[in-house]
Amino acid sequence: METKKKDIRALTKEQLRNFFVEQGDKAFRGNQVYEWLWQKSAHSFHAMTNVSKETRQMLEDHFVINHIRVDQMQRSSDGTIKNAVRLHDGLVVESVLIPTATRTTACVSSQVGCSLDCRFCATARMKRMRNLNADEIYDQVVAIDNESRLYHDRPLSNIVFMGMGEPLMNYNNVLKAIEMITSPEGLGMSPKRITVSTSGVPKMIRKMADEEVKFGLAVSLHSAIDEVRTSIMPFNANFPLKDLREALEYWYSKTKNRITYEYVVWKGINDTQEAVDALVKFCKFAPSKVNLIEYNPIDDDEFQQASDAAVAMYQNTLERNGITVTVRRSRGKDIDAACGQLANKQ
Ligand code: SF4
């Protein structure tokens, strides 16, 4: 009977060192291989040129390296790049590179599909198939970093977990990936340049606070009124705003980090003074920043971008209340790479 080989990148460095000792070799061989797997992103054992031929064969007999493959790369007229990324089992996720004058940001996926059901989101229409492994998340970042260097002459500067999936529903793998992205044994990026964007899972926000993570937190809020939020993000019925707010207060008490809120203003849904007043009340407890994001319709009539006047009303009210606000024009619309549009549509 054929035994399935294990993905070698599921092993920690310590486990890899132990594996070599069990094979009668030296533990430091584990360090060498680990460096090839992460820092040098080797796609095959064959590439590990400072490892003997016999050892490479032995690794081949025991393990596989489940690398992602960029199946299709689309480039937008505004410089945005979208990758369709094929995983070892044939499933596909998407990741995006967003260049601006001062930054190149990778927007990466954490799940195939999504466990949540936001009604305005294209990803929600795919059912959640599985969580991504840490190495699959890491590989998306490496692929985008390479593209950033190639097409924009600069390395990746920021990462947001805002692609397909709810990152806090794949907590362990997302944290493991961030550990490798920030480790000198991986990409060595500063955690301050990483933002995990969640739709708001209170229990996991508390867990992150307890673990004193160093990366930033963004919450896709879209409404600070329970009935409205539940109507557009039905899981809000299980994680109501009161619980979310308490978890965020806890996060702030532990980290003292400013909280970012992602917010789309839709016509007829949350474009009222009452809605913006509720938002001010919700986020005033800690230093906050609100990103007002332009909406990209996903071929239905229900959700439409609100008028410029409504967005201006939000902007003015938030600023008057001392809350930092930015209006984000969407990027990569012509290739369906904008926020909420990722759904493996090629
Ligand atoms: S907006 Fe985010 S959390 Fe909501 S369904 Fe889409 S991918 Fe999932």
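Using the three backbone atoms N, Cα and C, a Cβ is placed for every residue, glycine included.
Features as listed in TrEMBL:
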ACT_SITE  GLU94  active site, proton acceptor
DOMAIN    100-334  domain 'Radical SAM core'
BINDING   CYS114, CYS118, CYS121  [4Fe-4S] cluster binding site
BINDING   GLY165, GLU166, SER197, SER220, LEU221, HIS222, ASN296  S-adenosyl-L-methionine binding site
ACT_SITE  CYS339  active site, S-methylcysteine intermediate
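Checking the recorded positions GLU94, LEU221, HIS222, ASN296 against ligand 1 with a 6 Å cutoff on the Cβ atom leaves no residue at all.
Rounded to a whole number, the C-alpha distance linking HIS222 (S-adenosyl-L-methionine binding site) with CYS114 ([4Fe-4S] cluster binding site) is 18 angstrom. Note on proximity: among GLU94, CYS114, CYS118, CYS121, the recorded positions of the record, the Cα nearest GLY165 (S-adenosyl-L-methionine binding site) is that of CYS114. GLU166 (S-adenosyl-L-methionine binding site) sits 6 Å from CYS114 ([4Fe-4S] cluster binding site), taking the C-alpha atoms as the reference points. For CYS118 ([4Fe-4S] cluster binding site), the spatially nearest entry among the recorded positions GLU94, SER197, SER220 is SER220, judged by CA separation. Across GLY165, GLU166, SER197, SER220, LEU221, HIS222, ASN296, which the record gives as binding S-adenosyl-L-methionine, the greatest C-alpha separation is 19 Å. Looking only at the recorded positions GLU94, LEU221, ASN296, the one with its C-alpha closest to CYS114 ([4Fe-4S] cluster binding site) is GLU94. Cα of CYS121 ([4Fe-4S] cluster binding site) to Cα of ASN296 (S-adenosyl-L-methionine binding site): a span of 9 Å. Long-range Cβ proximity for SER197 (S-adenosyl-L-methionine binding site), meaning a same-chain Cβ under 8 A and a gap of 6 or more residues, is found for VAL160, PHE161, MET162, PRO167, ALA218, VAL219, SER220, GLU262. Comparing the residue listed as 'active site, proton acceptor' with ASN296 (S-adenosyl-L-methionine binding site), their Cα atoms are 17 Å apart once rounded.
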